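A.B. asks: Per TrEMBL, the feature transmembrane segment maps to 12-30, 147-165, 171-189, 196-221, 227-244, 301-321, 333-349, 379-402, 408-428.
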Amino acid sequence: MNQVAGSSSRRNIAAILFAVVVAAICLSSLSQRYLGHVMDSPDLDFYDYYFAAQVVHADRHADLYEGATEGNPQLRSAPATSGIAQMAQRSGIADTELYLYPPLFADLLTPLTRLPLIRAAQLWRAFNLLMVLGSMLLLGRLLRLPVLSSSFALLVFLAISFWPVHEGISLGQITPLLLGLWAVGLWAYAEEMPVLSAVAFALATSFKVTPLLLVPLFLLWREWRWIIAYGASLFAAVGLMFAWNGSANMLAFTRVIPAMAGILPSLQNKCLGSVAAWLYYGHLFNLVSVHAVLSAAPHGLLLFIKLLDAAFYGACLLLVWRLRQSSSLIDRATIVAIFALVTLVIAPVSWRHGYTVALLPFALLWADALRSRIQGVKVWLLALATVTVGSLVFDLAAAVSLPQPFRILFASLWPLSCALLCLVALAATDRQRQQASP
């Protein structure tokens, strides 16, 4: 009886916290959409992709990275002499930022260059909405939610209201596409289709290199089919880019990646490195003031951030190593989803919209919480992280006129709550496995 009562009590607490999370995300979504907190430049990021695709369409060997290989290329305008800037000027756009993605993404967008810029942006936005919906369909399959159920309808509603999704779609970002690829990878792995899972994650890596950090997980699990398929798919994608875009572009991109490894401690960049920089400098930065420290960060601070990221990643891998004998594919899929958060908090640049993929671990962890598999501090931390990422409430507080320590605290809640959630979730799973062992 006591166990039944305890389980019921845990479900009630989780349900109450979940209701609070839903209310916070919905209210934030309404304020962002209807009360004036909207993006000043809709589809702005898509413009950069579109102009890069135009360059490739005109000459597939043309330089995509002119001006991006020296210093930190983040938040910098493309040189007026570059092909991207010239394409922008032809469309009436006076200034556009550097293109910082692998050539493959620009290659795949070349069909959109047959359309005018505005029409292409509208089509891209529709595609992103379809990617979010498709991701929720796959997530619903993982959670065993019927498509015509109120639970699935709530899942879709929360996904569209989730702040990173809203910002990503508004900016015309690549993040909904990455969400779709992560969803395919997780679903396929849980359904015992490791080759399809590996291909999806390899394609995601071809657009954004951070999924490479998943490879040690599958090495620990000795998932050799996944590893071989991932390596072969990634090798094929890289080979295709070498053949189609030329070695000069690929070699230039290899210089762009380390150039972005410095700090970019603006309020919108949610990683552990930003928290360390805010504490070091004693104040927050916006997208304008951050330029003062992009190329002037002390070497000691950079070294500390790299050690901090490595220690956090190593701790997460150690917890996975302790779980390596787990036989449940859905548990392993949840761990992979948690590592979506891990890669975000340790990446040098993790814009708020980059947390679109955080939908996956949050949904899987909340499903466990509402089934009373999550208890204690973990469910409270899950609620804090979900509200912080999904509602933007603490970032709005960090943007007002408060003493800097309070602003830093509010801004830091995003990456810190996610980092702590990763550690606590993995450690709690470890304890569950130990308790289940005879």
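Note that Cβ sites are derived from N, Cα and C of the backbone, with glycine treated the same way.
Model, not experiment: these values are computed from the prediction.
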A.B. asks: Taking the transmembrane segment (379-402) as reference, which of 12-30, 147-165, 171-189, 196-221, 333-349 has the most Cβ pairs under 8 angstroms?
C.D. replies: 12-30
A.B. asks: Which one of these stretches, 12-30, 196-221, 301-321, has the most C-beta pairs shorter than 8 Å to the transmembrane segment (227-244)?
C.D. replies: 196-221
A.B. asks: Any contact between the transmembrane segment (301-321) and the transmembrane segment (171-189), i.e. 3 or more CB pairs below 8 Å with pairs at least 6 residues apart?
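C.D. replies: The answer is no, given that the two segments have fewer than 3 Cβ pairs within the 8 Å cut-off.
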